[in-house]
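One structure below.
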Amino acid sequence: MLRGFRRHRWTHPAARWCHPAIPRKRIYLRTTLPPPTPTRTNFLFSSNNVHSSIMVKAVVIGAAGGIGQPLSLLLKMSPLIDDLALYDVVNSKGVAADLSHIASPATVTGHLPADDGLKSALTGANIVVIPAGVPRKPGMTRDDLFKINAGIVRDLATGIAQNCPEAFILVISNPVNSTVPVVAEVLKKHNVFKPKRLFGVTTLDVVRASTFTAEVTSEGADPREFTIPVIGGHSGVTIIPLLSQSKPSVNLSQEQIEHLTNRVQFGGDEVVKAKDGAGSATLSMAFAGYKFAEAVLKAVKGESGIVEPSYVYLPGVPGGDEIAQSVGGVDFFSGLVELGADGAKKIRPLGNLSDYEKKLLDAALPELKGNIQKGVSFVTEGSKL
Ligand SMILES: NC(=O)C1=CN([C@@H]2O[C@H](COP(=O)(O)OP(=O)(O)OC[C@H]3O[C@@H](n4cnc5c(N)ncnc54)[C@H](O)[C@@H]3O)[C@@H](O)[C@H]2O)C=CC1
Ligand SMILES: O=C([O-])CC(=O)C(=O)O
């Protein structure tokens, strides 16, 4: 039963992080119905947040692409988002028109480069998700994408620095190990780098780890029951699933551990091969990207205890220096990030690694360091590509 109306008010202190430039005309209905209880079947769209009155403008850059479209659909369905701006160099208006017919509260707008579309999309943004850029074809590594994607991401980061420097930035574009340092360096150049708000999205590795582990452990196991930390980076050997820390714990032979580890590390290649030239993971990535965006927004809206692996700038996140020391001096690393109202609240210690996982870490570090340096120099020394 409807009890009344209320306009959104800027009353809660946690609302300070929202940009005041967002038009606030919509009227909200309040019902006497209790909020839906999150269950295993509706968890993606659940909203048992504490400060649900905080308004959120989300932006997807690369919104017309293979990831961008399903990701935008999920964001449009989300009760956590009020305004959804879609930017792409092509077809973003079409995607926005299409999504705008869906009966959910978020308003949707489409933006193209003409008419300063990046600026209009980003102004007032609280969270920006970036799946813009080219995907792999069979035979390519993620690093092969650097040549094109680093420039795209650098220019987009400049737009973010100029138009919404407070926004949470979720980088999906590959190679994540290098594109996140590119974004960080651009933000530093503009004096607006907020390390707690910059994330490389490695959630697909986490999703794969629980899916593949459920497959080998027992028939009919629900992958959502498994939480398996994945640390390191997001390419091949830099992806380190910590099966020894699986919750619930799993009893695996060394052969199974090695098989699973390899499948998580090269899960992306599995999809690239199956798509046979038509790109890389898009639907599972949209799921993973939404899952991570949802986690960030729930934490911002007051939910506590949310922990998600993500690739972050270690010196700027509490707990990061300890991780950097324990893994041998990298500035960017995917670890277990506890999320809070300001983004990455702290990064948890890696815990006990098995001897096998220690070897994986040793094998990952040289490649990870090279990837990071490549992203940093691209901005600090200028593009020599
Ligand atoms: N982090 C992760 O786990 C994953 C990352 N990816 C990466 O995500 C990226 C996108 O993949 P897909 O969606 O499959 O590619 P796609 O080619 O289907 O879509 C990319 C979109 O970006 C747009 N775009 C290109 N330049 C742009 C610019 N300057 N500004 C705005 N939009 C621009 C294109 O027009 C296109 O619509 C790739 O780099 C891919 O490797 C893919 C899967 C998983
Ligand atoms: O493999 C790729 O190129 C896309 C990706 O990052 C993934 O699926 O993990």
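FYI, residue positions are counted from 1 along the chain as it appears here.
From the backbone N, Cα and C atoms, a Cβ is placed for every residue, glycine too.
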**Asked** Taking Asp88, Asp98, Asp205 as the options, which does TrEMBL list with Gly62, Ala63, Ala64, Gly65, Gly66, Ile67, Gly68, Asn149, Ile172, Ser173, Asn174, Met285 at the NAD(+) site?
**Response** Asp88
**Complete:** Asn174 (substrate binding site) sits from His234 (active site, proton acceptor) (Cα to Cα, rounded, in Å) at a distance of 9
**Prompt:** Hey, how far is Met285 (NAD(+) binding site) from Asn174 (substrate binding site), Cα to Cα, in Å?
**Reply:** 12
**Complete:** If you measure between the CA atoms of Arg208 (substrate binding site) and Ser173 (NAD(+) binding site) and round to the nearest Å, you get 18
**Message:** Checking proximity to ligand 1 here: which binding-site residues out of Gly62, Asn174, Arg208, Met285 have their Cβ closer than 6 Å to it?
**Reply:** Gly62, Asn174, Met285
**Message:** Taking ligand 2 as the reference and 6 angstroms as the Cβ limit (strictly under), which binding-site residues among Ala64, Gly66, Gly68, Arg136, Asn149 are close?
**Reply:** Arg136
